[in-house]
Every structure is written in C-alpha cells, then in structure tokens.
Amino acid sequence: MDPIVRIREYQKDRVNFVLENVDLAFANSLRRVMMADLPTIAIDLVEIEANTTVLPDEFISHRLGMVPLVSTNCDAAMRYTRDCNCLENCAFCSIVLSLNVSCNDSVTMDVTSNHLEIQPHPNEGTEEAGEERVRRTENFGNPVGKDESGDPILICKIRKGQELRLRCIAKKGIAKEHAKWSPCSAVAFEYDPHNKLRHTSYWFETDEKSEWPLGENAREEEPPREDEPFDFNAKPNKFYFDVETDGSLGAQEVVMKGIAELQKKLASLVLALRRVRNGENEMDMPSGGDPTFIDQPAGGSGGEGGWGSGTASGWGNASSGASGGSGSTSWSGGASPSRGSGGNAAWGTSPGNANAWSSPANAGWGSPSAQANGWNV
C-alpha cells in the first residue's frame with residue numbers, strides 16, 4: 001500500500017498530521033531530518049563595539065545566535081560559506097545585521113530582536129555574479145516577528161547611561177553543526193498509543209490506566225481487548241506527528257523539504273551502492289575488475305573467491321597445503337613466496353609477482369600509476 005498523509009491541524013508555524021503505511025525506520029528518519037538537516041540562517045559571528053550592560057559579551061553573543069531569522073527558500077537563496085568563492089564573506093553567503101541601542105531615560109529599557117537591522121554588505125557589488133539574491137523574500141534575514149504584533153525576543157535589559165553597539169554576521173548552516181540552525185522548536189512523534197506492541201513498560205503504583213491516561217492519538221485506534229492474544233509479528237504502521245517551528249521556516253516548508261532531503265539522501269546511497277557494485281568506485285573496489293566483495297562464488301570452488309577459502313580467496317587462505325596456485329590471495333595467506341604463487345597475490349607475495357597494492361595492473365591506494373590511484377587522481 002502507498003503511504004498516506006492526513007493533516008489534522010495546520011497553522012503558520014505548526015502542523016499536526018498522521019503518516020500511515022510506512023515502517024518505523026522511515027518515520028523516525030523523517031523526524032530526524034526535519035530537526036537536523038534542513039538549512040536555515042542564524043547569527044554566527046558577533047563583533048561587539050560597545051557593551052556597558054550587566055551581561056558579558058559571550059552571553060549576549062549566545063543569545064543573538066539563538067534568535068531565529070526568516071530563512072524562507074534558504075537552500076536556493078544563500079550559499080554556504082564553505083562553498084562561496086569570496087575570501088571571507090560576501091552578500092551571497094552572509095547577511096549583516098547591526099544593533100545600536102542606548103538608554104537615556106531613568107526607566108529600564110528592553111533590548112529585543114526588533115532592534116536588529118539589516119545593513120548593506122560592505123563588499124556588495126564587487127563579488128561574482130549569482131542568482132541567490134533574487135530568490136530571497138522581502139524580509140529574508142530579518143528576525144522572526146520583527147515589527148509584527150506579539151512580543152519580540154528579549155536580548156537584554158539596560159538602564160540609563162548603558163549602551164549596546166554591535167555588528168552581526170548571519171550565515172547558512174544546519175542543526176548538525178549547531179542547534180541554532182534548527183528550524184523546529186519541537187517535533188512530537190508517537191505510535192501505538194494503546195501500547196498493543198508492548199514497546200514500553202509503564203511504572204505505576206496501584207492502577208496503570210489511571211496513572212497513565214491515554215492521549216488524543218488513542219482515539220485514532222481501537223483499544224485492545226482483554227482476551228486479545230499478543231501478536232509477536234505486529235509492526236507499527238501509523239505514526240502521529242506534531243511539528244512546531246520557530247518561525248524561520250513555515251510548517252509546510254519544513255515537512256516538504258524534510259521529505260525532499262530524505263529522498264536525496266536515499267538516492268545518494270542507492271547511487272553509491274550501484275557504483276560499488278559496478279566497480280566504478282576505485283576507493284572501495286579493487287581495480288582491475290576483481291569482484292572481491294560482490295557476487296562471490298562459494299569458497300573452495302576455485303576461481304577468484306571472496307571472503308572464502310577457495311584456491312584464490314580474498315581476505316582468506318588458499319586451499320590447504322596449496323603450492324604454486326595461480327589464483328589471487330590476500331593478506332599474506334595461501335601460497336608463500338617460496339612456492340612461487342603467481343597471479344595477483346598481495347601482502348606477503350614475492351616482489352616479482354603482481355602486487356595488488358603497488359603494481360600498475362592492479363593499482364590503487366598509493367600506487368605509482370596516478371590514473372588508477374584513487375587517492376592521487
């Protein structure tokens with residue numbers, strides 16, 4: 001059956017949906033991708049010019065880094081700094097924000113995210129051409145909720161005579177590098193609300209049902225009967241998600257791009273496995289077309305076996321007591337140099353024989369032949 005997605009509630013920064021007809025590994029992978037693999041922008045460098053507040057520079061820098069910035073279409077509207085051609089940072093891989101606040105009144109003043117202002121990049125117009133900037137929205141890079149109804153994010157409080165003047169550089173990243181780049185504030189994930197599969201054990205004092213009340217997701221499934229036998233082969237196929245974002249990305253964008261990112265990761269894995277199977281990856285497959293790891297015959301039947309014990313086995317020994325075999329042995333097993341093992345012997349064979357780690361015929365991993373060397377090409 002095809003996967004089914006049923007949206008139960010949708011808001012600007014929150015979506016609640018049910019995912020059916022998938023396994024637990026896929027559902028959990030989607031949750032992890034949404035939390036840690038979607039790119040956003042966040043303040044990464046803070047240059048403090050003046051700080052007479054009661055908070056130290058490091059504390060203010062950390063709070064600024066956790067301020068969510070509008071990152072709509074960030075994957076196409078901004079470059080990673082490591083992929084940019086600029087020497088330090090430019091208008092294509094960074095956004096400059098400034099904060100200049102001073103208190104002249106006798107009342108306490110709140111310094112919030114609304115005081116952050118985007119400034120023109122100092123190198124604007126001198127960098128190479130690119131299409132990233134035309135793909136940005138109008139408020140791209142601004143703090144979430146700036147000049148909108150609602151409470152802004154508090155950075156610090158200052159009194160009369162105190163000031164805070166600094167310059168921030170925001171960059172693109174993912175939450176695997178730092179949590180400030182995560183677009184999600186919380187991702188609730190539940191399956192098997194009635195615990196039919198016994199995936200968890202409840203600790204209770206007197207009554208399990210009263211001390212562990214069922215949630216709203218339990219209404220989606222039928223409760224188990226008292227006399228119902230336990231199914232050891234049952235697997236969960238219905239998963240309940242509640243995705244809440246911090247506003248840098250919309251809820252719909254988080255889910256859709258999470259699915260696209262997971263699809264890209266799986267496609268990359270499939271492509272890499274196909275290349276290894278076809279012998280195209282020289283770093284993982286022996287050169288010369290030896291099928292050492294893929295589609296090997298059973299050991300002991302001659303030929304060029306892999307992981308076995310045939311007359312020409314890889315990672316193993318040749319046939320017991322073999323002398324002068326013509327196969328391909330590895331890891332110094334099998335025919336010794338005194339017996340004159342030929343073919344493609346490696347790691348312990350005589351210098352005159354073709355060595356799988358140094359000979360041009362089977363070059364790879366530091367061999368003199370640059371064309372067949374997976375590290376030096």
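Backbone N, Cα and C define each Cβ position, glycine as well.
TrEMBL lists region 'Disordered' at one of the ranges 133-152, 193-212, 213-232, namely 213-232. Same-chain neighbours of the compositional bias 'Basic and acidic residues' (213-222): 18, 190, 193-194, 238, 240, counting only residues six or more beyond its ends whose CB sits under 8 Å from a CB of the stretch. Note on the compositional bias 'Basic and acidic residues' (213-222): DSSP counts are 5 helix, 0 strand, 5 coil.
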